[in-house]
Amino acid sequence: MRPKLVVGNWKMNGSRANNASLLAGIVDGLGKGKGKAQAAVCVPAPYLQQCADTLAGSELAWGAQDVSVHASGAYTGEVAASMLTDFGCRYVIVGHSERRAYHGETDQQVAQKALAALNAGLTPIVCVGETLDQREAGQTNVVVNKQLSAVLELLDGDAATRIVVAYEPVWAIGTGKTATPAMAQEVHAELRSQLRARSLEAGEKVAILYGGSMKPDNAAELMAQADIDGGLIGGAALKAADFLAIIDAAKAAA
Ligand SMILES: O=C[C@H](O)COP(=O)(O)O
């Protein structure tokens, strides 16, 4: 059985003062309640030092929301994977649909980012997902398979076993519209079979998270699905009580 993982994606939200109380609230609540689940927050890069200062030694891991494909050099504004490990990051999100849509990131660039992260010892959280038009055209599986294949093709050996995949239907992000558990499970099963085709170990080990309006009131049902190993949470990760309630649902489903 894969351990459940709940990751908060703060997106471009936060301030030092708000982060301090949010992080303290999460860490405090994590120690309570029964069961086990892994938890992490992916914060804006300027707040990584604050995470390193306040979360070291706690059960809450932290990470970033993007990474450069380059190791170092004249790339103004970019952040290298080695810099993220320097700040104690365990995770980095790559290929979030907001980066694909607003920054034109291609499947190939996302794959290079995943590789750069792995080479630096980070776990990339590879986001895949279809738009509403693509879903309505019956293209969901084709789209997510293509997005994941680009990453798998670039990874050698057992590197594919060290990624996390997040299925985030674009139409469900920040809209309050959630994929039904059955709809999400169908796509997760498809992604699982793609991973299994790569290697039995990848199929077994890789966590596939669901993201897109996951909230305390729908988390349990989603995480009860066989191939949903946790969540990538946007809006509900900005309130300690909501984020903790989702982590509790993950613990109960573990
Ligand atoms: O990375 C997180 C996703 O974009 C989900 O965001 P949301 O929970 O606000 O819909």
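Just so it is clear, glycine is given a Cβ too, placed from its N, Cα and C backbone atoms.
Those TrEMBL annotations? Automatic predictions, nothing curated.
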TrEMBL substrate site partner of N9, W10, K11, G174, G234, G235, selected from S149, S199, S213: S213
Per-residue Cβ crowding (10 Å cut-off), top of binding-site residues G174, G234, G235: G234
Fewest other Cβ within 10 angstroms of its own Cβ, chosen from the recorded positions K11, H96: K11
Inter-residue C-alpha distance, E168 (active site, proton acceptor) and S213 (substrate binding site) (nearest angstrom): 9
Close-lying recorded positions around ligand 1 among N9, K11, E168, G174, S213, G235, where CB distance stays under 6 Å: N9, E168, G174, S213, G235
Intrachain C-beta neighbours of W10 (substrate binding site), sequence separation six or more, cut-off 8 angstroms: V41, C42, V43, P44, Q65, A237, L238
Helix, strand or coil at N9 (substrate binding site) [DSSP, three-state]: strand
